[in-house]
Structures are given as C-alpha cells and as structure tokens.
C-alpha cells in the first residue's frame with residue numbers, strides 16, 4: 001500500500017547526470033504525462049542535459065519523488081510520482097522544470113518537490129517553465145512569489161486546409177539536405193550567428209547537435225540547408241516529426257529556422273519556412289506546429305498569414321519584483 005501523502009515519500013536528490021534507471025523512470029513518466037496532456041512536460045534540451053550531466057557551461061540538479069509500497073525498500077520498486085530538474089548556469093541563474101505522473105496529480109507532489117528544492121538550493125536566480133498553460137502551475141508559482149515573465153506560443157496549422165505560396169528562394173540560392181559528418185561545423189556557425197541574441201538556441205554546441213542527431217526522430221532529409229552557388233550555408237530549416245503517441249496522431253514541427261545575418265532581409269527566412277512546411281505536408285502529416293515567443297510580433301504575423309493559429313502556450317515564471 002502506498003502512503004497517503006507525498007510528505008511521507010522519499011525525495012532522491014542527484015547532482016549531475018542521472019543513472020540509467022532514473023532516466024528510464026523519468027522517460028516513462030514523461031510518456032504518460034504527454035499521453036494525458038498532449039504536451040511534453042520537460043524540454044528536449046533538459047532531457048539531453050540529464051543524460052550528459054554537468055559540463056563547463058551548466059550544472060544539473062534532479063529531485064525525484066517516489067511513492068513506495070509500504071513494505072518495500074525506498075530505493076527500489078516504487079513508482080516515480082514526479083521529478084524536478086534545475087539546469088544552472090555558472091552565474092547561478094537556472095531554469096526549473098517539473099513533471100508529475102497523471103496518477104499522482106492533485107496530491108501535492110509538485111509542492112513537495114518545490115519545498116525540497118527550496119531546502120536544497122533555494123530559489124536565487126531561478127526561473128521556471130510550465131509547458132502548457134496549467135492552472136495548477138500558475139497557482140503553485142503564485143504561492144512561492146512567482147509570476148509569468150514570458151509566453152512561448154505553440155501555433156498549429158492543418159495541412160489539408162493550407163494553401164501556401166511557392167517557396168521563392170533568392171537568386172543563386174538552392175536547398176539541399178544536411179549531410180551528417182560534413183555539415184556540422186557550418187551549421188553550428190550559422191546557428192550561432194543567427195541566434196546571437198537568443199541564448200537558448202544560439203549557444204548549442206557540437207555535443208548538443210550530436211545528441212539530437214542520435215534521437216529517434218532525427219532525419220537529415222528533413223534538415224534543409226540553403227546554400228549559395230559556392231556551397232556556403234546561408235540558412236536552414238530543421239523540421240521534426242513527432243510520432244503518433246497513443247491517441248495523439250503524428251505531427252510535424254517547424255523545429256528551428258535560422259538565417260545567417262548577411263542573408264537576412266532577402267526573403268530567405270520565409271522561403272525556408274515554406275519549404276520545410278511543404279516537406280512535412282508531403283509526408284502526409286495532418287498538421288504542422290511551431291513555437292514562437294508571444295511578443296515576437298513579426299514572426300506571429302508571418303505565421304498567421306501562413307495559416308497558423310495559436311494552439312497552446314508554455315509559460316515561464318520568475319520572481320515577482322517587490323516595489
């Protein structure tokens with residue numbers, strides 16, 4: 001029998017990379033949560049970091065709350081009720097994400113994890129993501145003096161209803177797929193330059209790229225590069241296909257579109273966006289989604305003109321400034 005309250009359940013704290021069993025437990029929980037919510041509870045980059053552990057660029061803290069059987073060893077054979085992950089930068093700023101198994105919601109699991117985190121690390125320099133605009137997350141954030149500081153919209157279009165213009169590439173520019181073992185350095189350079197003011201994307205490393213290329217979803221055919229007549233990479237559209245998950249059908253994603261600064265303003269970004277969407281349409285997917293910051297008015301306007309509508313949103317919370 002499981003004790004009635006999370007207060008009595010053990011919180012396991014791991015500094016650095018997590019072991020194989022805990023990673024499996026976390027993945028199983030995330031699969032159940034995504035089936036229930038239709039949204040991932042933890043970002044892809046955080047999962048990559050959990051596998052890799054600490055590095056010169058960040059440190060990792062994971063708190064796992066287990067619901068043990070009454071007579072079992074707390075270290076084995078229990079259900080993972082929820083977990084919290086903090087990815088911290090060298091300056092002690094960090095981002096918190098929490099996932100709770102659907103079977104253990106509305107029992108105080110997230111609050112137990114947050115209080116354990118408060119005791120272990122405190123909240124200095126910490127912001128938190130809620131993937132999906134959940135009322136429970138908003139209530140929990142307010143309880144600890146946090147309020148929304150950023151909205152990341154999820155926008156979606158139904159491919160059957162899409163009537164897209166042709167992708168008009170600038171003169172002398174052509175598209176080709178990414179070639180593993182050849183294009184990594186060129187892509188990293190363009191990505192870094194294109195997202196110089198967007199640290200989450202622009203700071204991706206060779207190791208980060210390699211980790212994504214090892215994921216089951218990676219397909220170089222859907223990783224489109226725009227090159228000039230001399231073969232120089234000017235931009236890219238990396239698409240992604242989320243496979244069918246339970247009752248949720250497969251869906252395409254405009255994963256990331258980037259254009260080198262010297263090619264910006266030429267219409268290449270729009271052409272790349274259209275080319276990637278067309279690629280996903282041709283796969284027979286029923287819909288295509290993307291993420292964009294709510295306050296990025298030019299991007300939101302472009303996507304709306306292409307037929308995207310707001311579907312859901314992720315909310316980042318930060319401490320309320322007094323005064």
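In case you wondered, yes, glycine gets a Cβ from its N, Cα and C as well.
As written in Swiss-Prot, here are the features:
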type	residues	note
DOMAIN	77-176	domain 'N-acetyltransferase 1'
BINDING	98, 99, 100	acetyl-CoA 1 binding site
DOMAIN	173-323	domain 'N-acetyltransferase 2'
BINDING	257, 258, 259, 264, 265, 266, 267, 268, 269, 270	acetyl-CoA 2 binding site
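All features noted in Swiss-Prot, drawn onto the structure.
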residue	record	Cβ contacts under 8 Å, 6 or more apart
98	acetyl-CoA 1 binding site	41, 82, 83, 84, 85, 110, 113, 114, 128, 137
99	acetyl-CoA 1 binding site	26, 29, 30, 33, 41, 42, 82, 83
100	acetyl-CoA 1 binding site	33, 41, 81, 82, 109, 110
257	acetyl-CoA 2 binding site	235, 236, 237, 238, 269, 272, 273, 276
259	acetyl-CoA 2 binding site	190, 194, 226, 234, 235, 268, 269, 272
265	acetyl-CoA 2 binding site	none
267	acetyl-CoA 2 binding site	168, 170
Indicate whether residue 267 (acetyl-CoA 2 binding site) is helix, strand or coil by DSSP.
coil
Cβ-centroid neighbours of acetyl-CoA 1 site 98, 99, 100, 8 Å, sequence order:
29, 33, 41, 42, 82, 83, 84, 97, 101, 109, 110, 113
Around residue 269 (acetyl-CoA 2 binding site), how many other CB atoms lie within 10 A of its CB?
21
Taking all residues of the domain 'N-acetyltransferase 1' (77-176) together, what is their mean pLDDT?
93
Around the recorded acetyl-CoA 2 site, report the further residues of that chain (criterion: Cβ within 8 Å of the mean position of the Cβ atoms of 257, 258, 259, 264, 265, 266, 267, 268, 269, 270; site residues excluded), sequence-ordered.
235, 263, 271, 272
Counts of helix, strand and coil residues, the domain 'N-acetyltransferase 1' (77-176), according to DSSP:
27 helix, 38 strand, 35 coil
